[in-house]
Amino acid sequence: MSGNTLGLLFTVTTFGESHGPAIGAVVDGCPPGMALTEADIQGDLDRRRPGTSRHVTQRQEPDQVEILSGVFEGKTTGTPICLLIRNTDQRSKDYGNIVETFRPGHADYTYWQKYGIRDHRGGGRSSARLTAPVVAAGAVAKKWLREKYGTEIRGYMSQLGEIAVPFTDWSHVPENPFFAPNADIIPELETYMDALRRDGDSVGARIEVVASNVPVGLGEPLFDRLDADIAHAMMGINAVKGVEIGAGFDSVAQRGSVHGDELTAEGFRTNNSGGVLGGISTGQDVTVSLAIKPTSSIRTPRESIDKAGNAATVETFGRHDPCVGIRATPIAEAMLALVLIDHALRHRAQCGDVKVDTPRIPAQAGQTP
């Protein structure tokens, strides 16, 4: 199986399976000399960790990260950083009834057809459990971007099923299990999820991610555009079925006189571009929106086939997220960080000494550049 590595200069290769002894990532290309400990990584892993509320899978994994290499006396050495997370709460017997059948909407069928073998225990390599090492690697990238450029990457849930979540303030996001930026809507979301779990069904979600203080100039036209690489990475997250940058599909209904972000000496007037023009960052906030499909492992009986091609009925039991989008916010943040650090290092290598007389204007009119 190929396709396990993301990035060009700052690369992340993940390994492991959902019910194997451990999962992890090897981060290569991290600049040397950055202070790094497990504590720098653990915070984001705890945000993604399962079993933290009744609205997510009840699989109890501590997700304690171990740094096995690439750090000496508390600082990165520039050599590969191996991050290990041990699996401790596998319950493989829950998957005994799908050894010979394929879950509708899951990768069971495609993995079997492609490889002729599949690990049915928790989905094996196709499990959302494999987003944990991505979050760990993303925490390393976040730290470097923050220290080098002051870049901050934050995300929130803007929709759960058919319920829109209006944005009120960032301060609400860490205060609830949904990463919702609105405290008033939490009771409605909880009632909705409780009913969904009773019904044995699942639902999708929409996640927004914003990177602020992004340097101007990241991205390589034509085929290594920053927004193209962001979309590529985000589509690598389990269950993501759509990605928008900036105004996204709303651009279709906008006129050019509205969509084009006007530049003034005081800054950009709008940010319909999502912080990327011509595949290159503008210095504005990079804004990304993700559509996440409903979880495929549900108790509701559904039609399928077995390995022999015979008709079968599939019911999935065990501990599953009724909405994988609830824990997707730190994953999306990590993916954005991994793309940004890779392009930052590439930009520094090729264009680090480029100087122009035109001043950098603020990301938004009225702000300081």
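Even glycines carry a Cβ here, placed using N, Cα and C.
The NADP(+) binding site annotation in Swiss-Prot covers R48, R54. The FMN binding site annotation in Swiss-Prot covers R125, S126, S127, N238, A239, G278, K293, P294, T295, S296, S297, R319.
The binding-site residues listed here are R54, R125, K293; among them, R125 has the most other Cβ atoms within 10 Å of its own Cβ. The Cβ of T295 (FMN binding site) lies under 8 Å from the Cβ of S202, A239, H320, D321, P322, C323, V324, each of which sits 6+ residues away along the same chain.
It is S127, among the binding-site residues S127, S297, whose Cβ has the fewest other Cβ atoms within 10 Å in the structure shown.
Within the same chain, residues at least six positions away from R48 (NADP(+) binding site) with a Cβ under 8 Å of its Cβ are D63, T131, A132, V135, R327, P330, I331. For A239 (FMN binding site), the count of additional Cβ atoms within 10 Å of its Cβ stands at 22 [all protein chains shown].
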